[in-house]
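Taken verbatim from Swiss-Prot:
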BINDING   D127, C130, H235  Mn(2+) 1 binding site
BINDING   C130, H267, H361  Mn(2+) 2 binding site
BINDING   234-238, 361-362, 410-413, S417, 436-439, K512  GMP binding site
ACT_SITE  H436  active site, GMP-histidine intermediate
Amino acid sequence: MGVMDLPGGRRTYAQEMEFLERVTPTQWRVREGFVPNMRVPGVFYVNKHLETLMFDELRQHVDRGDVGGFLPAVKQLANVACLPGIVSKSIALPDVHSGYGFAIGNVAAFDMSDPNAVVSPGGVGFDINCGVRVVRTNLHERDVTDIKEKLAQSLFDHIPVGVGSQGIIPTSPAGLEAALEMGMDWSLREGYAWAEDKEHCEEYGRMLNADPNKVSARAKKRGLPQMGTLGAGNHYAEIQVVDEIFDKHAADKMGIERLGQVMVMIHSGSRGLGHQVATDALTEMERAMARDGILVNDRQLACAKISSPEGQNYLSAMSCAANYAWVNRSSMTFLCRQAFAKMFDQTPDDLDMHVVYDVSHNIAKIEEHVVDGELKTLLVHRKGSTRAFPPHHPLIPVDYQYTGQPVLIGGTMGTCSYILTGTEKGMEETFGSTCHGAGRARSRNNSRNKLDYTEVLEKLKTKGIAIRVASPKLVMEEAPESYKDVTEVVNTCHDAGISKKAVKLRPIAVVKG
């Protein structure tokens, strides 16, 4: 390594770049040594345009020194490569951006047979099972064009939105306990879901190792009033139309038959309950690290051995939060079906309002993967990334056995969204994972300071998009200018072969917290 010319033995930008090498037009490798103690290399997927954002962030970090803010995503990716039990590589997808501990858009898998392998709440995120569901209809854009303002208002009236929004799905503390344990089975039992909804949901809407006793009283207290609510931030319910079909066979299997077909996309997570589960676990894990002598490069990467009581407790509590998020999306699907039924004076069944699929973007799951020719049981952390299993995988629904698992990619407010399908190459390269959305390009703070919410709302109106927002001043944080271009992200994954484009959706109405 060349001479260090920055104070404190820090490397220059050029010296940092010596550790990064392009492997293919869409893939870079981070060599061991980029940060101390790397056990495996890092890999990140970017195209020419997205790599500029990645490297600018690194350059700013070098210029600024280790002062304030999150580390750049590429450093976070490398720090994850130092965790005990990590297998093969630490992976970042094209929508990657800095997060707490792990970057958002980071995938890492840990060997369940290694007694030192860890689980890290930072590798799942605070909004456990933040995810997306798409519901189809048999309506055409022309059926809703004249009434989209009314339809947006109807959705806004039906679905509780915003930061402190409270649910209208009645439940008691005992009901919450059951929902945490049962996930969508609870929704089905209570009449808020159709039996076939479960078939088209990752994990069939229920993590089986959920144990409500591992969820703190404080988390339950936060979760009880928020069941069936949308929340704020980047969460939304959007009425969309099919804009382009890239893979007719896959689209047909999803019940997507024509351009202009009306769809509904719901993006939400586990609200305050999931946040509290993560916070509680981080406190416990800091103690476990001291006890077990686990050292990490960044204290935000607090973790515990998977086999330890803290590791097991977290996985049980995380599963409860995941179940809660599926109940949440099911409740909102129920409310959304009601809103459409009222507006069109037809039953949701007559409107063909079936769930196409429901995916999680923030979760850790035990899966089997082939590593170096050997089948291994791994704990796969996906934070800001989506499971994308290939055709014929046993864990995807019968309907999608020939197409691969549908992967739902939400755009930013007012931009297009995509439905992709999983591929065999993704299974080999990224533990069956792909991107989850656009990925932030500006911090929330920067967006608030640089953008004007009235302008952002005006722009959406000029695009012909009906919008209902509970907290208008939070809109700047979610403006398209705050994010990377979702099409660039999706195309990078498509070109890399880790997922395949099937359908493009365009928004006509947005409901936001």
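Quick reminder: no glycine exception, Cβ is built from N, Cα and C everywhere.
Among the binding-site residues H267, H361, N362, H436, G439, the ones whose Cα is located within 10 Å of the Cα of H235 (Mn(2+) 1 binding site) are H267. In this view, the densest Cβ surroundings among the binding-site residues N234, N362, T412 belong to N362, judged by other Cβ atoms lying within 10 Å. Note on H235 (Mn(2+) 1 binding site): other Cβ atoms within 10 Å of its Cβ, all shown chains, come to 25. Between the C-alpha atoms of N234 (GMP binding site) and H267 (Mn(2+) 2 binding site), the distance comes to 8 Å.
H267 (Mn(2+) 2 binding site) carries a strand DSSP state (E or B). Around A237 (GMP binding site), taking its Cβ as the centre, 29 other Cβ atoms fall within 10 Å, counting all chains. Note: the Cα of D127 (Mn(2+) 1 binding site) and the Cα of A237 (GMP binding site) are spaced 17 Å from each other. When other Cβ atoms within 10 Å of the Cβ of H267 (Mn(2+) 2 binding site) are tallied across all protein chains shown, the result is 25. Residue pair H267 (Mn(2+) 2 binding site) / T412 (GMP binding site) shows a Cα separation of 11 Å. With respect to their backbone Cα atoms, C130 (Mn(2+) 1 binding site) and H361 (Mn(2+) 2 binding site) stand 6 Å from each other. Sequence-distant contacts of H436 (GMP binding site), defined by Cβ-Cβ distance under 8 angstroms and a gap of at least six in the same chain, are L93, D95, G105, H361, G384, S385, T386, I409, G410. Taking Cβ-Cβ distances under 8 Å and a sequence gap of 6 or more within the same chain, the neighbours of G439 (GMP binding site) are P94, D95, V96, H97, I104, G105, G384, Y483, K484, V489.
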